[in-house]
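Annotated features, as they stand in Swiss-Prot:
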type	residues	note
SIGNAL	1-18	signal peptide
ACT_SITE	His69	active site, nucleophile
CARBOHYD	Asn95	N-linked glycosylation site
CARBOHYD	Asn151	N-linked glycosylation site
CARBOHYD	Asn183	N-linked glycosylation site
CARBOHYD	Asn193	N-linked glycosylation site
CARBOHYD	Asn243	N-linked glycosylation site
CARBOHYD	Asn319	N-linked glycosylation site
ACT_SITE	Asp331	active site, proton donor
CARBOHYD	Asn410	N-linked glycosylation site
CARBOHYD	Asn429	N-linked glycosylation site
CARBOHYD	Asn443	N-linked glycosylation site
Amino acid sequence: MFLQNLFLGFLAVVCANAQFAEFTAFDGKFDFKEHLTSRSPYHKPYFYGPSIDFPTTCKIKQVHTLQRHGSRNPTGGNAAFDAVGIANFQQRLLNGSVPIDYSVSGNPLSFVPTWTPVIEAANADALSSSGRVELFDMGRQFYERYHELFNASTYNIYTAAQQRVVDSALWYGYGMFGEDVHNFTNYILVSENATAGSNSLSSYNACPASDADDFTTPALEAWRNVYMPPIRQRLNPYFSNYNLTNDDILNLYGICSYEIALQDYSEFCKLFNSVDFLNFEYEGDLSFSYGMGNSVKWGSIFGGAYANSLANSLRSVENNTQQVFFAFTHDANIIPVETALGFFTDNTPENPLPTSYQVHSHSMKASEFVPFAGNLITELFQCEDSKYYVRHLVNEEVFPLSDCGFGPSNTSDGMCELYAYLNSPVRVNGTSNGIQNFDTLCNASAVAAVYPY
């Protein structure tokens, strides 16, 4: 009892004289914009790795960037979430064929009569103004970081041929070289059809053998039938004798996502809570995982050709004068490459991402890896021990390689010795055989020469 009273007395004195700092550890706010799957604005991922500074005992020798286009309008198409589908739904909201009950107190859709849509079907697929700024700024930052490698007179910039990707690559070039961009660059447009073969930067379009497989549609339908009914039930009372469909919910998510991309604000996002956004984010993860990622056999095949080309460039560092490599592409090409490089080993075709419930801890989160303007940068260093080491940056964060040992610090610094990296079981099939596998298993078109990525 004496000790208890002594402790309480001591505590009272401490509390009376203490200058308390506000405890903020539990004050984190949910930022829904970072959970809009691949339609999220650019942001860093959550796997906070080591510092991205160059190691003090190493010298940068090569850098390879695989860069997604900037923020854009919806893709063309009539389906829900596509440009025409969203535009038609917007018109139905405005003309009353999707009848909002404005008599309901606190109706979150009460703004619709004075709302002016910014999503237009005529702008389908086009890069947004913010997308141009994003890529310009990224090009500027890339040049500032790696300027010592820019020792050539011109640089080949490979880009998937779709206009928004080409525009992104051009704005990136302006960020690096300013008005002299055309004096320093050679833009090489890579076809987005099957003729590109293993050089494709939209490899899902260059693999005829995969065309008959559709694992994505049943996966998405299954998940939508889990998470959308509660949303429909919650929102239905705000409409007059109208029951929302899954397509309606998808279009509401689409308006929210693309208004954020086009103007960084959307009243429609207020219809959803944090759980809704996490469930929508998971839908995006299922789409990538079952479409071209780690839940299907095609994921590592689609990404293997780039992985093999990258590995060839890394291996030839001592005989190669080229030090900077550029490839501009889509989100749907970056995820397969990262799959082939062994980033997402927790799910496989034998253990796919579940469609009846959400796995919060899965590794492949599209919001983190491929937001608008997302990128995968591969750095090659030579260190004081004369060995070469590989490191990946995902959207300005070091990806925590854990399958191939350590860097020269002998700690978890995100670096691996070059041949330990290339020969690791999680990626050796891609780094050694990716092009051959793509050619054979995809029944791909032959190419005259392999592009150096």
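In case you wondered, yes, glycine gets a Cβ from its N, Cα and C as well.
Nearest in space to Asn95 (N-linked glycosylation site), taking C-alpha to C-alpha distance over the recorded positions Asn151, Asn183, Asn243, Asp331, Asn429, is Asn243. Around the Cβ of His69 (active site, nucleophile), the same chain contributes Leu127, Gly131, Leu135, Arg164, Val165, Asp167, Ser168, Phe328, Thr329, His330, Phe372, Ala373, each under 8 angstroms and 6 or more positions distant in sequence. Considering only the glycosylation sites Asn151, Asn183, Asn193, Asn243, Asn429, no residue lies within 10 A of Asn410 (N-linked glycosylation site) on a C-alpha to C-alpha basis. With the fewest other Cβ atoms inside 10 Å of its Cβ, the least crowded of the glycosylation sites Asn183, Asn429 in this structure is Asn183. Ranked by Cβ neighbours within 10 A across all protein chains shown, the glycosylation sites Asn95, Asn319 are led by Asn95. Taking the Cα atom of each, Asn443 (N-linked glycosylation site) and Asn193 (N-linked glycosylation site) are about 14 angstrom apart. In sequence order, Gln323 constitute the residues six or more apart from Asn151 (N-linked glycosylation site) in its chain with CB-CB distances below 8 Å.
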